[in-house]
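Notes to accompany the following structure.
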């Protein structure tokens with residue numbers, strides 16, 4: 001399913017070339033960049049010492065953070081809002097990054113950790129992290 005007015009926002013894309021964008025160009029550009037993230041983990045794949053047990057692809061936190069910021073700064077406010085809601089709030093996925101071992105959660109809202117506490121005395125390892133709510 002691709003969000004109406006876009007070619008890149010949804011499962012896969014329906015563009016005829018990497019340069020083609022839909023009617024909502026700003027939103028679609030955010031989705032295209034997100035789709036081209038160089039660090040992804042497909043469903044069932046293991047990488048960086050982690051295994052993606054979700055039924056969908058998960059991305060590095062760097063790519064998801066850039067996607068979030070891109071959508072928030074898009075001039076296509078309505079389409080960006082709906083795409084952000086779907087990805088960050090409804091899909092309720094996680095991202096991964098290299099960070100000192102998590103020891104707890106300093107602040108939690110709606111079942112998601114917003115502020116992790118880490119043990120800086122130990123070396124960084126790849127771990128799963130909750131995404132921000134949109």
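Cβ coordinates are placed from backbone N, Cα and C, and glycine is handled just like the others.
According to Swiss-Prot, the protein has these features:
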ACT_SITE  34  active site
ACT_SITE  64  active site
BINDING   8, 10, 12, 35  Ca(2+) binding site
DISULFID  9-31  disulfide bond
DISULFID  30-70  disulfide bond
DISULFID  37-63  disulfide bond
DISULFID  61-95  disulfide bond
DISULFID  105-113  disulfide bond
CARBOHYD  13  N-linked glycosylation site
Three-state secondary structure, residue 37 (disulfide bond) (per DSSP): coil
Additional residues surrounding Ca(2+), by Cβ distance to the 8, 10, 12, 35 centre under 8 Å: 2, 6, 7, 9, 11, 13, 14, 31, 32
Distant-in-sequence Cβ neighbours of residue 35 (Ca(2+) binding site), under 8 Å, six or more positions away: 8, 13
Most Cβ neighbours inside 10 Å, all chains, among the disulfide-bonded residues 30, 63, 70, 113: 30
Cβ neighbours within the same chain of residue 105 (disulfide bond) - under 8 Å, at least six residues apart: 113, 114, 115, 116, 117
By Cα-Cα distance, the member of recorded positions 10, 12, 31 nearest residue 63 (disulfide bond): 31
Cα-to-Cα gap, residue 64 (active site) vs residue 95 (disulfide bond), nearest whole Å: 7
Same chain, 6+ residues apart, C-beta under 8 Å of the C-beta of residue 9 (disulfide bond), given in sequence order: 2, 3, 22, 27, 28, 30, 31, 79, 83
Winner by Cβ contact number (other Cβ atoms within 10 Å) across the binding-site residues 10, 12: 10
